[in-house]
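A.B. asks: There's a structure below that I have some questions on.
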Amino acid sequence: MKIILATQNKRKLDEFIELSKNSNYPINFVIKPLKEDIGEIEENGNSYFENALIKANAVFNYYKEPVLSDDSGLELPEFKEILGIYSSRFAGINATDKENRYKLLDYLKSKNITETSAKYVCVLVYIFNQGEALSFKGEWEGKIIVSDNLNLDTGFGYDPMFVPKEYTITVSEMSISEKNLISHRAKAVNQFLNFLKDKK
């Protein structure tokens, strides 16, 4: 089964392929030249679901093929005014992951915080017929740590700062296979795969 992944991020494509490879339901995830074909998709929703739905609708309406989109972010319960659906552009619209991490480090330092509870959230939206959209949600609880000893120069998202619950290491220090068993995206993808399996 071919499903278009509503992203231009090759790293995200690789992650979805890895997450689904052990499924009994064979999926061929592909990415398309969205910017060239559709143009910039404005994610102006007020929730992860709304942003994922905007992307999924735009891609489905153009290609008329099954589409899976996701929107994800980091939430800090003690600092609800930051991050969330704006996590990927915390330091600016075109900010890099590295820039976002350093801005978060500086922000929390200014509040004299050494660690704070946190959770990653991922919402998937799947469209396979016109007007039919299903959503799947995964959450990953833990904490953000603040330290000058962190290596914030490399890594994905806020992984170099995020320590999952019941762990003593950051996500960046975990193996990819270990992360893919317990991450927020893994949980959402597993729900999606179970839906496909039950739908057969």
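Positions of Cβ are set from backbone N, Cα and C atoms, glycine also.
Taken from Swiss-Prot, the feature substrate binding site covers Thr7, Gln8, Asn9, Lys10, Arg11, Lys12, Ser72, Phe156, Gly157, Tyr158, Asp159, Lys179, His184, Arg185. What Swiss-Prot lists as Mg(2+) binding site is Glu42, Asp71, and the listing cites sequence analysis. The active site, proton acceptor feature in Swiss-Prot is assigned to Asp71.
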A.B. asks: Given the binding-site residues Glu42, Asp71, Asp159, which one's Cβ is surrounded by the fewest other Cβ atoms within 10 Å?
C.D. replies: Glu42
A.B. asks: Going by C-alpha positions, which of the binding-site residues (Thr7, Asn9, Gly157, Asp159) is nearest Asp71 (Mg(2+) binding site)?
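C.D. replies: Its closest listed neighbour, by Cα, is Thr7.
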A.B. asks: If you count other C-beta atoms within 10 angstroms, which of the binding-site residues Asn9, Ser72 is the most crowded?
C.D. replies: Ser72
A.B. asks: Under a three-state reduction of DSSP output, how is Asp159 (substrate binding site) classified: helix, strand, or coil?
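C.D. replies: The residue in question, Asp159 (substrate binding site), is helix (DSSP, three-state).
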A.B. asks: If one measures from the C-alpha of Ser72 (substrate binding site) to the C-alpha of Glu42 (Mg(2+) binding site), what distance in angstrom results, rounded to a whole number?
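C.D. replies: Here the two Cα atoms are 15 Å apart.
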A.B. asks: State the three-class DSSP label for Thr7 (substrate binding site), counting H, G and I as helix, E and B as strand, and everything else as coil.
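C.D. replies: Its secondary structure by DSSP: coil.
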A.B. asks: Given the binding-site residues Thr7, Asn9, Arg11, Gly157, Asp159, find the one whose Cα is closest in space to the Cα of Glu42 (Mg(2+) binding site).
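C.D. replies: Of all the candidates listed, Thr7 is nearest in space.
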